[in-house]
Amino acid sequence: PASLALFFFFFCELHSEDVGSTRLYFVNASLQKITYSSSVGVSLPCPAGGTPSAILRWYLATGDDIYDVPHIRHVQANGTLQLYPFSPSAYNSYIHDNDYFCTAENQAGKIRSPNIRIKAVFREPYTVRVADQRSLRGNVAVFKCLIPAAVQEYVSVVSWERDTVSIAPGNRFSLTSFGALYISDVQKEDALSTYRCITKHKYSGETRQSNGARLSVMDPNESSPTILDSFQAGEVHAGQSIELPCIAGGYPAPTVRWLKDGRPLPSDARWTRRLTGLTISDLRQEDSGSYACEVTNSFGSKEVSGQLHVIDPLRVTLSPKNLKTGISSTLFFTCTVEGSPEYTITWYRNTEPIISDQHISIQGQHNDTLQITAAQKFHSGAYQCFASRKGHTAQDFSIILLEDGTPRIVSSFSERVVNPGEPFSLMCAAKGAPPPSITWTLDDEPVVRDSTYKTSQYTLSDGLTVSHVNVSSPLIRDGGVYRCVARNSAGSAEYQARINVRGPPRIRPMRDITAVAGRNTYITCRVIGYPYYSIKWLKDGMQLPDNHRQMVFENGTLRLTDVQKGADEGTYLCSVLIQPQVSINQTVHVTVKVPPLIQPFDIPSTSVGKLMYIACVVSSGDMPIRITWHKDGQLIVPGYASGVGIETKEFMSSLQISKVTLKHNGNYTCIASNAAATVSWERQLIVTVPPRFVVQPNNQDCIYGKAGVLNCSVEGYPPPKVMWKHAKGVGNPQQYHPVPLTGRIQIMTNGSLLIRHVLEEDRGYYLCQASNGVGSDISKSMILTVKIPAMITSHPNTTMARKGQTKELNCTARGEQPIIIRWERGDTVIDAERNPRYSITINKKGDEVISTLKLNPAERGDSVFFSCHAINSYGEGRGLIQLTVQEPPDPPELEVREVKDRSMNLRWIQRFDGNSIITSYDIEYKNKSDSWDHMYTTRNISPTNNQANIVELHPACVYSIRMYSYNKIGRSSPSKELTISTEEAPPDGPPMDVILQPMTSQSIRVTWRAPKKELQNGVIRGYQIGYRENGPGSNGQYSIVEMKATGDSEVYTLDNLKKFAQYGVVVQAFNRAGTGPSSTEINATTLEDVPSEPPQNVRAISVTSDEAVITWSEPPRLTLHGVLKGYRVVFWSLFPDGEWGEMQNITTTREQVELRGLEKFTNYSVQVLAYTQAGDGVRSNVLYIQTREDLPGPPAGIKAVPSSPNSVVVSWLPPLKPNGVIRKYTIYCSSPGSGQPAPSEYEANPEMLFYRITHLSRGKQYHIWAAAVTTAGRGNISAKVTVEPAGKVPAKILSFGGTVTTPWMKEVRLPCASVGEPAPTIKWTKDRSESIPVTADSQKQILSNGTLVLRSVKAEDSGYYTCTATNTLGFDTIIVNLVVQVPPDQPRLTVSTTSTSSITLAWIPGDNGGSSIRGFVLQYSVDNTEEWRDVFISSTERSFRLDNLRCGTWYKVKLAAKNSVGSGRISEIIEAKTHGREPVFNKDQPLLTHINSTHAGLNLQGWTSGGCPITDLMLDFRPKGTWAWQSLKANSTSQLFLSELREATWYELKMKACNSAGCGNQTSQFATTDYDGSTIPPIKSARGEGDDVKKLFSIGSPVILVTIGVALLFIIRKKRKEKRLKRLRVNHLNYSVNLCVCSKNNRSIDTPVKGPPQGPRLHIDIPRVQLLIEDKEGINQSVNPQNFCTGVSLHHQALIQNSGPLIDMSDIRPGTNPVSRKSIKSAHSSRNRYSSQWTLSRPTQSHSTASARTLTSDWRTMGSHGITATESDSYSASLSQDTDKGRNSMVSTESASSTYEELARAYEHAKLEEHLQHAKFTITECFISDSSSDQMTTGTNDPADSMTSLSTPSEPGICRFTASPPKPQDYDRGKNVAVPIPHRANKSKFDMRNRRGGFENLTLTISSSALGRLQKQSVGAYSKSYTLV
């Protein structure tokens, strides 16, 4: 089909022509849907047109014509379809909700538009609604406008309001394309507003406002994501944009990830991720697919997905276009459709669907090809291709013109003369439709293509057919008359001309010719050769022409016109004169044939049953003649079937019909033919039949507005013409008038009358009359009755009513009786019987029914739509009435926008205007203490205003304000009364008594008093302190700081000032109104400080190998910050192994210093600092210097061993002091008694530490020594060794022993090279006392050369390693002391001194780990926080002061040292508190200074600050006996007045003063005086409190009783539990153990402790977990809590269960223990740390001091084989909210950092609420070291042993723990924890009952801080106790 279509396209293009100026077109082919309002109507121009003007018509999609319906529908003359506004009762879906199309028709054809859906929309009542929403704070809230489905298509959201203020998109508010409102980052204040959506009807323009929705904002609570708004599957057109919403809530805030077809979104600028979701712009078809939105947080995930289909709009192209071709052509039309698939194609010709037949076929997979074979004239017209997909249609059309395409010659050749052999070419071009084919003849003989004649033919793009004949080498015979003939199916055309070829002339033989009489004949003389003189024709000896019918052309052709038989028949002679008097001749005979001639005849009309005779006579023509008859183009076969007889003679034929019937009607043709031609004569036979009724009209009923058919069917011949007439009225018909035939009324083909839309005026008599001119006319009458359906003819669209009055609503209906009228309010049917407020009455007036609905009274809620429905048997009508109930307006909502000292700006919102326009507003205001009788009024404020300014008010005065609004109905009630205080005025006086006092080098304390009271103009809120530097170079501008006022006397410290600089200071007071004047400037100078920059241009020059000179210049003057006292040079050496030498310093006042006595060829680090009276300044950058080279020292060791009978091997060690770069070694060898005066010298590379000396004599002794050489020369020689070469050599080791130092976790190689014969074996052992063999494993390897390789060395790898080389002749050994450097030990940190803002710390460094300490890291934080701050301190410092701390605040501090290996373990956390305490009110000071009837003065100077400035002072007071407190935040001035108090009233007063150390409270009672100043008696009882108190008491009493009952029940249950525990304790408890942590850093027991004594507590700081273990019972105060301790390690089961070891401690280096084991003797073993060290002790009966022993927890998982005790002491546990109480017995401890990370991770993921409640913790075994024993052993599980083993004093040990999962029965029992089971170190068991002290069990109470999923309450408010057994 594709190739066929291409062929057709090419074929048609060749013959395509412009159809001409006649054309058709579309104005708007994309118009496919029209929606309009029923109250407005619509005008729709026809989207098609044409040139010249086309006839425009409208049709329904069914093909029915559009007819006019009065006042409903009308088609204008210009083709515009007009649909008028209509009432709901006139709605007709056939008209108002249907598919239409329009056609345009002219000479070119007829086209139709796509179907256009026209739909009318009613004005229907509807409401929009917004639902309340809930959201987590910080999440996104989604509000949606809920629109009823019935109007959702036409109503859209235009805006949102927040508290009546339109929301502008931006900030946190987003409006989506689909009308939703998103609020991001929801805050608490968002819950204070109401949210409304505003909608607009697209067609009626009506707007609606929704209800006000609220937002509930909840605090974040951990939860999985919840989808708040999502998207669904949908279709969108390409090129548009789409928004895919995806909003989720949850905590933590979920993350959003978008996927397309299961893969992440590709990078594309068209895809934008916004808060509202995913926006895709400029959609493309490849964007189609499945989209998924995944929202995830740590508690789960959700997914929403949908399928997006991007629809490419359909585009149709039909080819070819505007084609003009001939009849019988074959045509192909190709319909190309672009866009989305799944479409259907429909073909139309001249708006009629195309149906396949013998000429037309529809082909292709999608029916996209139309083929027309042998096209006929009727196939011309407009062809349309429609492609449709889901309601969308596209089309294209083509105009085809088929015409008679008889060929015509448009270009030809001319006569010419050529020479023989001279080639020539002839061309003939012709046009026609279809394109013609051209043939050639030469002298009437066909030109045959051969070697002589070459022919060709082709067709051009314009349809021109061109043919050529080429003769390449012509001969004489190729001359003659050439003729081209163009033929096609429509006819033929020809052209001829002579071509003369030079040569002797001659005439070809000519054939005889037969001519037809009456036609033209041509006779050609077939002469060839050239030249000749002339050609003549002769007949009967006479030269032609001899008459007008003969003509001889120049080329010798004879034409005979209108050939006649007698005159033109005969022999003709062609004579050619070739030479003078010489001619050549040739004859031809012409025979003339005469065609038949039929005498004309007519056929008269006849009637049925008569006889008919028709004769056909041929008057002339050559015989024989054949005569035949045809009827309607078909041959007549005589006989009975046809009822026709035929009689034929020689030249005539007759047709006979014996009985004429209707079937004999038709066209009869007589055809006569002979040899000459065929002729015919045709006439019509008409058989007439009078008309008669087939179906007679009958009386008929039709429904108004519906279609009706009046039946009337007739027959006859000629077909009768039916005419309908109409007589109006229901009585006897008076006069009939022809029925006007319009689009609404038409006569059907069978004669029936179709009324498409019955109207009331169509009723009456109808007459059906038929006639055909045969016989008399026939007619029949009928009566049409029009039934009227019920319809509302009159009702008010809108009406008003006043609230509280009676309102009547009337509806008038008409139609066929009976009519029922029903009333509805909104969508609810009104039942007047059940609702007495309604009453319905019915009245009949003629054919109308009037229904009245009475509302008594009308209410605000009646402002809705009411509808009356009229119903009868033929239909239903509806009338819609909008009732508006008017009333006085609601009072405005008044608010204050701005308050000034003497004016205020008010704004109001008028919520409900009473359904009547607001006419004005009134504002009334007064002093709060006055009555409304003394008010001020502002009247008649314009209703267009929503704000007003009230002026001429008094500053700092309290006013009451209210407001009224007015409409034509009346005045509103007063608005809510507002109480407003005017603003204060700026102060008029400066602060007094300003004093400056320098405090530090960067701070100055400023003190002052408040301005005079009469100049303050209100409450002083704070002060602005301006300060500026007055030294040279300052800009003179003040820097301003502000502070809040705290009292009458103020203090502020200016910080971050320049050091040792003079400053000028001014102070200004301010209140809410502004800032007052400044004080006089006062100057002060900051204190000296250390220099902030080092000396400049520091240089170092090496003078000699042990001397260097250091020079520098003074630091910049501005950085000295004081008077320069001198300089200090700090220097230290850097050894090749990375270690530092001892740090030294030299002090001088000069700018140069000589350093003498330095190590030779050694690197030194040098720093220089300047110092002032305040101390040392900043050190300069480290400057590196190297002393010069010198002679090296002797090699550190030398060995010489025989290796063969004539050679020895010498090895040596490098010099201890190389004093330069060793360039080579010289080895000397001499033999005593050899007679050689000088020893032999050998040189070795500096990298080689051994040398083989050969060519020696066996058995001869040799002395060997060595020396090192540097660039300075040869150094001292080594010791001399003696060696004797030998044949058999005992084993000797070439390598040297000694000490090897390395950082931990490195690889170490210990060489042990040996010689001997036979070859010795190498063996390594460790520890000289035990000689433990060293075996190869993953860490250790012994190489073939004897080298021992140790990988990743640890501290325990330190020790003495012995290498032994052995053979049969002897052995040799070396000992290597391996020292592994580790991070330094933890320092011992103590508190030296404290102040209000500083803490001075001191420390003693621990072991340096084998490497010099590089510095210290000090960390500190406020207690109960984990916000640690770091301070880096020099390695030489042993104390440090923390400055700028908060007054009266506890701080936690820890310290760690750092060496070349890394940072060491952090010290124990110590706690210290800066000086200061919470404020206290001095009891010696009076609280109240004076009291009158309305005021009370408070004395605030009675508060003592406690050493820390008071920051807040809060007061609460209330009349005694009332509930509500009045709160007031006060400045700490000397006096404060309480105003507006009640006269003669007792008041309760609470005061709270706070500073950084805490808050102090003070309460009091006072009474105001009577109006006359007299005092009132004290309150004796609560009876006089007033009725309100009694009412509250009566209400609260039941609640209180219930609360007391619940509390008693709780106490009883608790007491029972305590008794049960006590009973168990008496039976089983013999000993008790108290828990704490001991440390040398504990504060002294003498530290003051407030409150009752508190038991020792264990405080473990773990990230996000704080565990506190505390003794509830307390300890005896006489016992020193430092010795009253025990140690315990805890594990939650989540750390251990099914998880293996929590931490592998095998690689952790040992730590230092305060009580170290005596068996540890190695120096490297003393650094044994990195585990938690807690101390265990027991109480004694004599309360004497008990020695502590340390238990170390190593966090390992061990098998549980202990026992569980059955009783426990009671311990409490709470969140670690530590205060001063009990701090003397508490100290923090921590384990390795990795342990804390594991603990934090485990606690984070454990469900503590479940696991801690039921888990069992078991201490499986303890290792206890006896003071007299050197080893640790494991004891037994015996309970007695376990209990007594812990009583031994001074026994260090270690305990291990396991935990088991809870058993089912544990959920019903108490909450229990297992007890540690220690074991004696001795191998034999011993009885713990023989020991003093011990314990049976341990009870712990554990509470978690705000962990993961357990954030139920704030810290300190949530605590749960668990008992662990």
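Placement of Cβ uses the backbone N, Cα and C atoms for every residue, glycine included.
Here's what TrEMBL has on this protein:
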type	residues	note
COMPBIAS	1718-1727	compositional bias 'Basic residues'
COMPBIAS	1728-1755	compositional bias 'Polar residues'
COMPBIAS	1763-1777	compositional bias 'Polar residues'
COMPBIAS	1828-1850	compositional bias 'Polar residues'
DOMAIN	114-216	domain 'Ig-like'
DOMAIN	225-305	domain 'Ig-like'
DOMAIN	313-398	domain 'Ig-like'
DOMAIN	407-500	domain 'Ig-like'
DOMAIN	505-585	domain 'Ig-like'
DOMAIN	595-680	domain 'Ig-like'
DOMAIN	691-785	domain 'Ig-like'
DOMAIN	789-886	domain 'Ig-like'
DOMAIN	1094-1190	domain 'Fibronectin type-III'
DOMAIN	1194-1288	domain 'Fibronectin type-III'
DOMAIN	1290-1381	domain 'Ig-like'
DOMAIN	1383-1477	domain 'Fibronectin type-III'
REGION	1702-1792	region 'Disordered'
REGION	1828-1853	region 'Disordered'
SIGNAL	1-16	signal peptide
TRANSMEM	1592-1612	transmembrane segment
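Residues belonging to the domain 'Fibronectin type-III' (1094-1190) score a mean pLDDT of 90 in the model.
Below 8 A, the CB atoms of the domain 'Ig-like' (114-216) and the domain 'Ig-like' (505-585) form no more than two pairs separated by six or more positions in the chain, fewer than 3 in all.
With helix defined as DSSP H, G or I and strand as E or B, the domain 'Ig-like' (407-500) counts 3 helix, 59 strand, 32 coil. When the domain 'Fibronectin type-III' (1194-1288) is classified with DSSP, helix, strand and coil residues number 0 helix, 52 strand, 43 coil. Against the domain 'Ig-like' (691-785), stretch 595-680 has more CB pairs under 8 A than any other of 225-305, 407-500, 595-680, 1383-1477. Below 8 A, the CB atoms of the domain 'Ig-like' (407-500) and the domain 'Fibronectin type-III' (1383-1477) form no more than two pairs separated by six or more positions in the chain, fewer than 3 in all.
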